[in-house]
């Protein structure tokens, strides 16, 4: 019975992760809703509301209170970086196919290793750094072979990937003491409202008339409102599924599943959006994934 429950959790994690990615792409690129900052704002509002409900009412995780102004400032810094990573990822989906977006996103271990050395002076064994060579080389090859390559989209995707890695390193630094550590669900509950406060004025200023346009689209096509609400809720369930899978398996299992998830997302996105792919691009992506798998194995052995 327990194994069935775990399989169900993993299936939900896959479905929510790939679903939100494909729905983001559909709304921002195919549907023509060209407002990634506002879309991210909707995600963060859903995360703010649903994470509070999950913790306070449904008791998914124990409530952890912020104990000091300093701790809140640290959480705010993480929330801002978290916000940048999500916005960058959504902006990149306007210009890049999901397959290439996932190839670039797979380089997160490279940026994590760089930030760990720069910010904490923490060094890994030489074999760990060697495994990062195919990770980076694969993306370089994939970039050269990507038929729909877009420089601005690529830069946004790299920025989002780097921000995601920076957040994980900073989280270990800023919330390192036992009294300040927060589980993933509580951290999301505090970070999401901070992201909303940052994104709301940014959306109004940088995406002129977006509120009126969204309301008009919802009036003209009720399905758009369903897409937007479902997409926003799904953005929260990605985090919830992530938390539950880690809780009932292990962080290492999540890493392995994440490697496979990227490949599944690539195949499904190509089947749905029918974006052109080249042999060079796919070989580059496979090289990156192989590098990530080797990196995970090297990290596991060095522990």
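Any Cβ shown, glycine's included, is placed from N, Cα and C.
Heads up, TrEMBL stuff is auto-annotated, nobody curated it.
If you look up TrEMBL, you'll see 9-295 marked as domain 'Sugar phosphate transporter'.
Positions annotated as transmembrane segment by TrEMBL: 33-55 (among others). Remote same-chain partners of the transmembrane segment (33-55), defined as residues 6 or more beyond its termini with a Cβ less than 8 Å from a stretch Cβ, comprise 24, 27, 61-63, 83, 86-87, 90-91, 93-94, 185-186, 188-189, 192-193, 195-196, 199-200, 202-203, 206-207, 210-211, 213-214, 217, 224, 228, 231-233, 235-236, 239-240.
Within the chain carrying the transmembrane segment (75-93), a Cβ under 8 angstroms from the stretch's Cβ atoms is held by residues 21, 24-25, 28-29, 36-37, 39-40, 43-44, 66, 101, 104-105, 153-154, 156-157, 159-161, 163-164, 166-167, 170-171, 174-175, 182, 187, 190-195, 198-199, all 6 or more beyond its ends. The transmembrane segment feature in TrEMBL is assigned to 75-93 (among others).
The transmembrane segment annotation in TrEMBL covers 99-119 (among others).
Sequence annotations record features per position, and here TrEMBL assigns transmembrane segment to 126-142 (among others).
According to TrEMBL, the feature transmembrane segment maps to 148-166 (among others). Residues 81-82, 84-89, 91-97, 100-101, 104-105, 107-112, 114-115, 275-276 of the same chain sit 6 or more residues outside the transmembrane segment (148-166) yet have a Cβ under 8 Å from a Cβ within it.
What TrEMBL lists as transmembrane segment is 187-204 (among others).
Taken from TrEMBL, the feature transmembrane segment covers 224-245 (among others).
Sequence annotations record features per position, and here TrEMBL assigns transmembrane segment to 252-273 (among others).
According to TrEMBL, the feature transmembrane segment maps to 279-296 (among others).
Fewer than three CB pairs closer than 8 A are found between the transmembrane segment (126-142) and the transmembrane segment (252-273), and contact between the two stretches is not assigned (pairs 6 or more residues apart). Proximity of distant same-chain residues to the transmembrane segment (224-245), defined by a Cβ-Cβ separation under 8 Å and at least 6 residues beyond the stretch ends, is recorded for 9-10, 12-13, 16-17, 19-20, 23-24, 26-27, 31, 33, 39, 42-43, 45-47, 50-51, 54, 60-61, 183-185, 188, 214, 217-218, 253-254, 257. Outside the transmembrane segment (279-296), and at least 6 residues removed from its termini, the chain residues within Cβ reach (under 8 Å) are 99-100, 102-103, 106-107, 109, 128, 131-147, 252, 255-256, 259, 262-263, 266.
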